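Among the features that Swiss-Prot reports, zinc finger is placed at 10-96, 117-183. For CYS22, CYS25, HIS54, CYS57, the entry in Swiss-Prot reads Zn(2+) 1 binding site, with the evidence type sequence analysis. Marked as region 'Disordered' by Swiss-Prot: 195-251. The feature compositional bias 'Acidic residues' is assigned by Swiss-Prot to 237-248. Residues or ranges marked as domain 'PADR1 zinc-binding' by Swiss-Prot: 258-397. Residues annotated as region 'Zinc ribbon' in Swiss-Prot: 324-369. Feature annotation from Swiss-Prot assigns domain 'PARP catalytic' to 717-945.
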Amino acid sequence: MIHSNEPLPYAIEYAKSGRSNCKTCKKNIALDQLRMSMNRPSTFFDGNMDSWFHYNCFWIKMIRGRDDINISSIRGVDWLRWEDQEKLRQEIQHFKTASPPTLTPLCSTTTVILSTIKTEKSLSNRGKCGKCGQNFERGEIKAHNKGKANHFKCFLQEFDKISGTVEDIPGWADYEENFKIKAVGEYVEALAAKRRSTEPATPASASPTPPEAETPVLSAEGSPESSNKRPASSEIIEIDGEGNPDENDFAKKRRMKKEARLMEVQKKRMKKQSDLLWEYRQIFERMPYTDKISILRENEQDIPEGHDPTAQVIERLVDNALFGCPIICQTCSNGKIVYNSSCRTYVCTGYATEYSKCTYESKNPIRTPFEVSHRLTEKHKLQDIVFNQMSERLYIGEEDGESVVKIDKRKSKGGTRGEQFIYAAEAFDSTNNVPIKVGDLTSTNTHIIKKGTVVDAKFALADRCHVFKNEIDGSLYQATLSFTDLTQNKNSYYKIQLLKDDQRENYYVFRSWGRVGTEVGGNKHESYSNSNEAILKFQDVFHEKTKNDWIYRKHFRKMPGMFSYVETDYSEFAQITDTEITPGSKTLLPKSVKEVVMSIFDVENMKSALKSFEMDVNKMPLGRLSHNQINLAFEVLNDISDLLVKLPIDASRILDFSNKFYTIIPHNFGMRVPEPIDSFHKIKEKNNMLNALLDIKFAYDQISGGDVPASTSLGIDPVDINYQKLKCIMEPLQQGCDDWNMIHQYLKNTHGATHDLKVELIDILKLNRDNESSKFKRHIGNRRLLWHGSGKMNFAGILGQGLRIAPPEAPVSGYMFGKGVYFADMFSKSFFYCRANAKEEAYLLLCDVALGNVQQLMASKNVSRQTLPAGFQSVQGLGRQCPREIGSYNHPDGYTIPLGLTYMQLQGKQDVDYHLLYNEFIVYDVDQIQLKYLVRVKMHHARHL
């Protein structure tokens, strides 16, 4: 079982100091005073924070109907004195059952109408009646009046008259039979008592029988019962159609008594356990801290670290002293077993892998006896203290099964969401609703570019500092760290920069941290007068957070529970030069070519395209993640894909690889818990995201410098510079020419039956990529002009590098016929891969594809260049709807254009029906592809039917 380590929403304890103040009354909470907290997400770090209250002030803060609480949602109950545990349970019971006065209009009347009262079943025997103060029986009927829960008998005593029968009580049928019998008897007695109290004022001629409307018990014939005595149980049960009621009632009473005895025994044992725990606590609290640590070490137990280690040391000593010492974890072999008050169970402190905690848990693990050395026994006079008195920890069953209440967490704020940080995606899933506000890449609200480096704008002196460089190798003293753990709902970043003043010999080690995609976080800095001290501090912080040495970061190894180093590429910022030329103002390129170049190299367009993938663009300067980092992420997806085909699915390893992926490619989930990558659909989405990142990185690298030296680009329009970098000639087709008309006809004729689509043809550019024609394998024949759709942001990479096959690191899952380049003979099929919105332009390619001999397949099959059967050069996935061959056009350049009207093929081949709606053509060698046309269309509407 994978347990969640998310903090519980509430906590209770005896104040460990006298320094905290109550959040309600603002007064001091004294040392050892009982206090409660509301645990909510912090605004200062990626985690939760306790807001403490006096015990009574906490319950004033809680509002019925808005807040919910139960024992399972409170941390620390196990460590309270027994009387305080009982006090807490009664308070919770009162909070849950009591009703506001405004909801009990009966309190000001002397007549109770049974059909309008509020009742419920007592969930335990701990609650007490608001009138007589006696405990309820478990399962007993409780009636509410004036905000208090009463016995049904006590409730009836509050009124002068009773209107209705017990069967009128809402939910009457849901109560247990023995308590219904008891309630009927109490009801009859109450009626008789009220009648006797009014008898002196009753005329002699009046009937002694209550009015029919107030008679609760019916005879077997259905007539009112005239006797004033409590009716026999057999008569009452007979009303409900029960058979042999005496025997049934006896058995139920016997069972109830047995359960009550067992509950009483369990309660006494729990009290004993609590008293012993508290006795041991008092012993260990008197010891010096060094002696406590010595005892833990003697018993081969871990020494707690982190927040409030002293309290954790005492709790572990107390637990071990009473029950014995848990042995080392047998699941991961590197962690110790400790009691977790939030989970109400024992968990492992170790890590199964460098990315995931061990998921071991047990209510009562295997233990060894707890021992104290002779020296410490003599020193603290422990000779008369008996340890290891209980072999198993006891739990209250009904509380152990309760679910933790759900609390509305504070949601991610909009705008520029906190600290600048490099991360790739919002959630990149169909359920994410976190809004994205696209900011300006060069805005000082995000970062400041100084001397080819990016200075964190949160630093107060950022405008007069730059990132310090190593004088030997030129590397920058800055690090971006990431940590994601789904079980703890952690999605953290940590940034370190060593900054130098532009003018003076002043150095600053600046740190910022928080939760990715939110304003949660903080920052700090230290000042130094020389570089050596600053470098040592920078290296110390890096080692503290990662347990790796800075000088060996190129061989970084992720350590369990520590941050991971996110490898980033800042080289493009060193090449950015200011230009006074407005892009497009001086170029002599044709208008349509200029528009395409400006579009595919426009940073804002890249951001808008990334937004469609729900990627965050405010804190990810484009191109920052390195190729190596992206390839590592591909490998993780491949590992997850391999896990999903093996049954049963290993949920722990899925969790581990998900943590690893989100750590390598930081995502923004806001305050939501990161989702495991546990399906092929999610793998495909993440795979598409990584491919998009590669294309954007290529485009931005071209913008930042590419192959054109900055010295030769002075005075040249940026559009011309970027066009040269593409090394792809683009020539607009004359509207109305033969090729234009032919392509327009191809576009109109090949709309799929399942696609509701309306587009407008804007422009067609003829393409000629540098050296592509010379490599093109036209000799294998069977050339066709086929469609290929892609997001606009990918076109700088496509035009500059050609269409490419997915890298070896990418998973095979998501590709119906293996890793290759996919084409279609249906315009509408390829169009949906463009991810365009209404009124936006989309770009599609028409490619001359040398198919050669085609292997035709009816269903999915993993194919590669190496596994293609001998004599075949491509694969065709056969679809039901396709263009008629009779309408194809043989172009003078040597390829066929399948622009015929489409038709439905009614019968499959070789007795196998069609799995695909439309044809797919796949080649596994990029030299079988030659880009011919870029088609610009404007979308009016598009949807799948």
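Cβ coordinates are placed from backbone N, Cα and C, and glycine is handled just like the others.
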For CYS22 (Zn(2+) 1 binding site): DSSP state (helix, strand, coil): coil
Fewest Cβ neighbours within 10 Å, where candidates are the binding-site residues CYS22, CYS25: CYS25
Neighbours of CYS22, CYS25, HIS54, CYS57 excl. site residues, C-beta within 8 Å of centre, Zn(2+) 1: LYS23, THR24, LYS26, LYS27, ILE29, PHE53, ASN56, PHE58, ILE60
For HIS54 (Zn(2+) 1 binding site), the three-state class that DSSP assigns: strand
Cβ packing number for HIS54 (Zn(2+) 1 binding site), 10 Å threshold: 23
Average pLDDT across the region 'Zinc ribbon' (324-369), rounded to a whole number: 89
Count of other CB atoms lying within 10 Å of the CB belonging to CYS57 (Zn(2+) 1 binding site): 18
